[in-house]
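Novice: Structure incoming, see below.
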């Protein structure tokens, strides 16, 4: 089944109400951005409404609740800072205005216990009375409580943006669990936390899926699935026995529209059994029986309001000799009904368009700009040190204009079917380095772009999104390219590496130096941390160098094994302090061994790119020889291998435009920065350095760096 509800939905806002008997059809309940809760059933492929509430503020979460060990059939929605409760018939029985100053972002219900989270704040209520409170160090994406009936205690868990699951006890932090990506969604394993009640599933924004046992003392990591296929981030998880083997499968919905079913092998490790691609991000996923008694389904809701069902019911029925397939009368009636509805809508659109044209010509005409929402995501990918920009619109996208005031490279995206064109632009005097247009095919509602930035060059990337609606309107989305844009938060660094240190002292507050760090580095929470000081660790996704930043009121310490990172920080932080008229006392401690260490980290990447470029240059000549000779037998094994892998090599080379130039640029910056801290200008020696790079030898390069002094 595929139903279009013409609504926008947030993550985890669709549920199936419990069935009255086993394998009987269930009702679907969904909350939308208009604040409306809609409940409906499916009969003969058509949606049959049960109830619909009045509009209000955007619904950010929808959960089912009820007394423990009874059917969970009461509907609870989070809207603004309020929680509302409805019966399965649609009668409102609860309106609880919380004491939260921000909108509710995440919600979990267990019996009389209500767990709510705003951006950084967690609140626990029992019978609508305040019980516990916790202020998180980074944004909270989801909240869940392990089953009270199994554990006999309340153990809430927060999924936080800084790659940490925070396990609470009352208002206190019990312990933290570090995970490999920013967790976006939590779910109980098997729907009940497993046999122990302590098993927790998590999905991350970079597409990883894992299982952790959250005991009272310490966590146990059970398994984790890496995102080998480079699919989207995980937005929703459910457990349901869709294969009918008596074991619940794992249902996963991703933000690139991929729906996945995992079952478990003999070692209890998940194995991908089935997947299905939808055209939009999947905001909720549920397993149950919806369309017909006795046939299980997977139901998924998408961002723009599609509710799609994948059923176990055989769709085609045999007829005639048993070889032909015919459309049933029920399906013919449905097709006829849809055609009539489509014709009716087309007539209505023409009438409304004519009415608008007439009113726009009148002397009292008012300009009406149609409003539309853009669901966007701008994230750094660790695997290839590039940024993904995902733009999703509730209606078809006509075109997207991308403009940047800093030098960036646009990379190819396999899933992108849009036609891209580049316009010439002057970097002086307007600092306009990129101007490109993506023209989308009909019915494209989601566009993914990939860019790679240069550290030290910072500014703004702008996307002008124009959908296919009348009158033409455009929405501007802006994204900051930060000075150390390729750095990503990490939990640990190697303290044995040779480190350079930058020390700042001055009359600045904790909030001021934190705002400078936020300006310089990605993945730092905007809210000033609790306490007197804070330490963050980062890893450069391109070079694997690292950075440690520790700061408090009046002083800051920054350590890195890459001297260029220290140089960028020194320039940017002093510029930000000057803007605020704050005098800084800047000192540094440079470790000479760090330069050769960084060159050794660059070496394998540079060697690979030089070899790739050399192989790609040989492909055309080798293909001509092959055509001329008729076979490859006369070629040495190395050349035969190049021909066999030609397509893969060309694809790899195409994916990494300007990769070699980027590495040359990093080595050049490293050379200049090394001597800048000694007070020596070596820019005149750069042509000599480039000559050495053209005939690259690692030892010769290190010798040049050492001799240049």
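Using N, Cα and C of the backbone, Cβ positions are placed for all residues, glycine too.
All TrEMBL annotations are machine predictions without curation.
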Novice: Coiled coil per TrEMBL: which of the ranges 328-355, 356-383, 384-411 is that?
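Specialist: TrEMBL lists coiled coil for residues 328-355.
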Novice: Find the member of 370-479, 487-589, 592-705 that has more C-beta pairs under 8 Å to the domain 'BBS7 beta-propeller' (14-312) than any other listed stretch.
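Specialist: Selected stretch: 370-479, with the most Cβ pairs under 8 Å.
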Novice: What is the three-state DSSP composition of the domain 'BBS7 GAE' (370-479), stated as helix, strand and coil residue counts?
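Specialist: Breakdown, helix to coil: 0 helix, 60 strand, 50 coil.
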Novice: Based on DSSP, tally up the residues of the domain 'BBS7 helical hairpin' (592-705) by helix, strand and coil.
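Specialist: Per-class counts: 93 helix, 0 strand, 21 coil.
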